[in-house]
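Visitor: Can you read through this structure? Questions will come right after.
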Amino acid sequence: MRVGFGYDVHKLVEGRPLVLGGVSIPFVKGLLGHSDADVLAHAVMDALLGAAGAGDIGRHFPDNDGRYKGISSMKLLARVGDILSRQGLAVVNIDSVVVAQGPKLSPFIEEMQKRMAGALQIQPSQVSVKATTTEGLGFAGKGEGIAAYAVALVHKTGQAAT
């Protein structure tokens, strides 16, 4: 068994869609970034890559590479799943937290779990997503950005994909 930890943060700006866990969420602002800026998916990817000892998303999907401009983070998450598979690793579970003052995320959490599980070809029950605020403190509390934390547990399957 191996464990990995991921963290990401993106700035909230006008004129961008808000995508979290592969779900488009109605809101007056969205996250700024090279890809779709899905802060939750990015934290999950870093946790998985960390568990695999395979670096981070910046190494695999650099923000100066035009191939990733505007790309769906669900496509990148699927590629991370492939990296794990090639190393003979399978996801046991993922636990994550989104830190945002708004919007209210509880209506979207189940769909986030389904989307990320689908990208990784695992069961939604293997993906936990929680949301919290910072009670108005810090950049997230002031509505300047959204952060996400994730922990992933993986295990060796005994079969590395080629």
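Cβ atoms are placed via backbone N, Cα and C, with glycine included.
Keep in mind the model is a prediction, meaning the values are calculated, not measured.
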Visitor: The divalent metal cation site in Swiss-Prot lists Asp8, His10. Which one of His34, His42 belongs there according to the record?
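Guide: Site partner of Asp8, His10 for divalent metal cation, according to Swiss-Prot: His42.
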Visitor: List the Cα distance (Å, whole number) between His42 (divalent metal cation binding site) and Asp8 (4-CDP-2-C-methyl-D-erythritol 2-phosphate binding site).
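Guide: Taking the Cα atoms only, His42 (divalent metal cation binding site) lies 6 Å from Asp8 (4-CDP-2-C-methyl-D-erythritol 2-phosphate binding site).
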Visitor: With an 8 Å cut-off on Cβ distance to the Asp8, His10, His42 Cβ center, who else from the chain surrounds the divalent metal cation site?
Guide: Val9, Leu31, Gly33, Ala37, Asp38, Val39, Leu40, Ala41, Ala43, Ala147, Ala148
Visitor: Ranked by the number of other Cβ atoms within 10 Å of their own Cβ, which of the binding-site residues His10, His34 ranks first?
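Guide: Of His10, His34, the one with the most crowded Cβ is His10.
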